[in-house]
Amino acid sequence: MSDPSSSPPPGQKPALKSTQSRFQVDPVAEAAAAAAAASGAPRTPPRARSSSAGRTSEGTAGGEEAKGRFRVVNFLDPSGGPADGGSDAAFNGDTVRSEASLHSSTGGLSHFSDTHSSTYYLRTFGHNTIDAVPNIDFYRQTEAPLGEKLIRPSLSELHDELDKEPFDDGIANGEEPAAAEEAAAKVVPESKGGTVKFGWIKGVLVRCMLNIWGVMLFIRMSWIVGQAGIALSCAIILMAVLVTTITGLSTSAIATNGFVRGGGAYYLISRSLGPEFGGSIGLIFAFANAVAVAMYVVGFAETVVELLDSVDALMTDEINDIRIVGTLTIILLLGISVAGMEWEAKAQIVLLVILLAAIFNYFIGSFIPMKSKESMGFFGYNVAIMMENMGPDFRDEETFFSVFAIFFPAATGILAGANISGDLSDPQLAIPKGTLLAILITGIVYIAVAVSNGSCILRDATGDDNDTIIGSLENCTDAACTLGYDFSICKEGGCKYGLQNDFQVMSLVSAFGPLITAGIFSATLSSALASLVSAPKVFQALCKDNIYPGLRIFAKGYGKNNEPLRGYVLTFFIGLAFILIAELNIIAPIISNFFLASYALINFSVFHASLANSPGWRPSFKYYNKWVSLAGAVLCCVVMFVINWWAALLTNVIVLALYIYVSYKKPDVNWGSSTQALMYNQALSHCLHLTGVEDHIKNFRPQCLVMIGYPNARPALLHLVHAFTKNVGLMICGHVRMGSRRPNHKEMMNDQVRYQRWLLKKQIKAFYTPVFAEDLRQGAQYLLQAAGLGRLKPNTLVFGFKNNWQDSEMRDVETYINTIHDAFDLQHGVVIIRLKEGLDISHIQGQDEFLSSYEKAPGMKELLVAINIGKDTDNDSLKPSSKTTSGQSSPLIIRGQTQHMKQDVRRSLRMSKNLLSPSVQLSTADEKLLAASQQFKKKQCKGTIDVWWLFDDGGLTLLIPYLLTNKKKWKDCKIRVFIGGKINRIDHDRRAMAALLSKFRIDFSDINVLGDINIKPKKHNKEKFEEMIEPYRLREEDMEQEAAERLKAEEPWRITDNELELYKAKTNRQIRLNELLKEHSSTANLIVMSMPLARKGTVSSALYMCWLETLSKDLPPILLVRGNHQSVLTFYS
């Protein structure tokens, strides 16, 4: 029992240890708990049980015996201390007895505290376990409400054996927060306390309505009705509303498919279609908003200057006055924006009130006809006027589409709310509700204004009260005549009033004219203010994602709302520059096209995501259809060209150029875009379709399983195989991980991710596939049988020659040779690559920048990669238990969870630094090895690839060099073919081979027929071979038959005298071929030669290895190739 005197003072709660991880593991003495329960000892109250030396008494019998058998995971709660209140829980398996529950924000979970250790246990379903129930905080990407990111227990925490070092992956997927991060996590909730967030009305509805109700409503709507008539004007409005409604539905679908952060259109498109489309459209969308500020401000300034001109109060001239007023206006708007979103929102509300007053003012005035206004064309609502204005009357070469192009920019602005998505309290609710309602309200108002204009105002009027008709009105043909006026003179032109002539006709109609002017001011200023806020917000989100590295400085935010002050300043200068130009007629259509390009991509995003059928596409907004979204995207593109064809082309060129740039840069982001989902769908369907297609010789491709170990361990092997498989066939880098220690599957999975990224970074088109196995042969069997998918399976096994075989244990040679036999048994071809310098450079530390200290991989906060040179390192896939080989360099993933591990890391890092220091000199052999390892990476100089096609294996020996010569690096190398033949048939054999190669359409520079293959080899070479095989002979004549049989059974690789005699001719052939190779191909860039076969069960491993050694030694790079004797070449079409 714990000592009561050591408990904390009343009312004081024990503090959590700040240095602990989220989970900490303590051994539990089961026997001690059982003994305490059996003795009937009274339970100590929670307040008294505080600071004992352990969970059980020191003298409890059986405590040591039970120690380590059970481990308890204590859950640290972010709030910093346990709550009062007690409850007991029974000990069972991975549960513990504990008191002092703490109810936190984990969705109904309770945390239990043991006041002695000041830790918490997670309570699930009334008993204590670390297995957690579903909780929204586990799915967050940011901090939970309490200020810390809550993470569910990992699979290893629940599944790993208890005697293993627990939870070696830190708190979650290897993430262990640094002190700075922990401090930041504590600061963030405090700073966010005063954040201003908007609801759907203030944040979306108001902004969208203000942006859609532009200056067009007051000064162009009447002209559009005059040109197109009421019917076509309504059609124009409905067409625009159709485009914006479809886009609004698509926006709603994307916005409700997960949490939406700041960035508006850029965020929606980039998270759906990926960084390429998002990055390109985000930049031009932000720029379009910045220039739109200038456009709206100039519209405001022009109206102000007109008023000044009407009272003869111009400061200089019209253009300069526009510049002066525009500059002062944008400075004022910048001040409102920089003051904060709250002030900007208040300003928008004031402007909306003025705008609504102006609209109501117009409608009220339309019902109050006045005699003084009749000569100017306003008579109030009249059927005759309405019928006359129902049809079109296009003038000045205007057409339906030109009028539509003028109106459509008035319908843009539907993304004004989405652009500040980061400042919305609930973007998923606000964006759909506010955007669609804004489209509906503004669409109704536009139609109402169009119908009203066409029903009470004539197209033309003189403004002269004397133009009245005196007498009979029976012969009248137009509405003006029936109303007693004669405006026929207007057909000749020159009239200043009416729908066609007076842009300010709505001021005439309204009850109080100056209020319409105030409405124009409100419309222009509100649109300018919305654009001034949107541009920096979108630009900041773009810069935060680091799509364009040079723009990173604009990602910084200030204040409680993370305001992009630098973006505001940049937008201000862009807007000011275009205001000073004061000519926006050319830039205006480009801005409209930029907005339309954004709309088109938003619609296409929904279609693309629906088509990809990804399980992650689950928008809660259901009122969308992928075909409607596709139609919306096409409509947007059509409207772009209708508005201005050259601006549409320019927009497409800019988007394409930015797309290509981002694609080339390949930003290191992964947002789970629909592009990835569709790519997966297509790959899966093509793989399945491919399985139903029979193999054909014409479509044969070398699909290579390369036993390479770590991909950076044998660069020459990697580059050479990649040279003839790139864009032609499959390449799998197989790695058999062996060793006596327990397999670390987590480390292998992390390696797989990291090395695959390395291959991609090096532009090697290959897959890295590691397996755990007892030896090379078993691992190769796993890979040969299981690697690949459907038709995308290896058909050729490639590995390096075992240069150090004479210094290795012979059981490793037996394993190596049996791997070749296994490949043939599985009907695979085999390629063995030999360089006289060797292939493996892994013992030369620091040879590749991949072995760096801060290589990052997905799902990991930070991977510290060091060089582990200890005895526990995994052996290489081609060097099992080698006596002379240093330990394979292996990336060691360090989490820093235990002290001894940290010491190993520091020691390894010190060793790697020493190895990488300039003071360490490489040996001559290592320098040659490093040079040789890079020889296939560079362009090959002019020379030859010598193909020794001695045996017909189906054509693989000839196909590989042909594929090589098709590559840019090998195009200067010519193919020379060497074949065996008889001395008296050399010319015949040469012609026959030339005819065959010609039918195969394979270019060659020369054909050599070797008639002297069967000549006996030189004596000294035979003696060298005999010296080589001497240690591996059985020498059965020198021992008893029973002893010889027993030794052969124990060491099956030994060479018997009978075997030597039986294969004497074949042995001599290998020695002779090596002599011929040195004679004819000593200067070749590469030798490709038919590999000799050894009958399984008859030729011992040692003899076969000696053949391969003898055949390939002291030569340029050589490939020993043997196909599976199925044709891979054909001359049929």
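Glycine too: its Cβ is placed from the backbone N, Cα and C atoms.
Among the residue ranges 205-229, 505-529, the one that TrEMBL annotates as transmembrane segment is 505-529. When each of the listed stretches 280-301, 322-341, 399-418, 430-449, 632-662 is scored by C-beta pairs under 8 angstroms to the transmembrane segment (505-529), 280-301 comes out highest. A contact links the transmembrane segment (632-662) to the transmembrane segment (280-301), because at least 3 Cβ pairs that are 6 or more residues apart lie under 8 A. Between the transmembrane segment (280-301) and the listed ranges 231-260, 347-368, 399-418, 430-449, 594-612, the one holding the most Cβ pairs under 8 Å is 594-612. The predicted model assigns the domain 'Amino acid permease/ SLC12A' (203-705) a mean pLDDT of 85.
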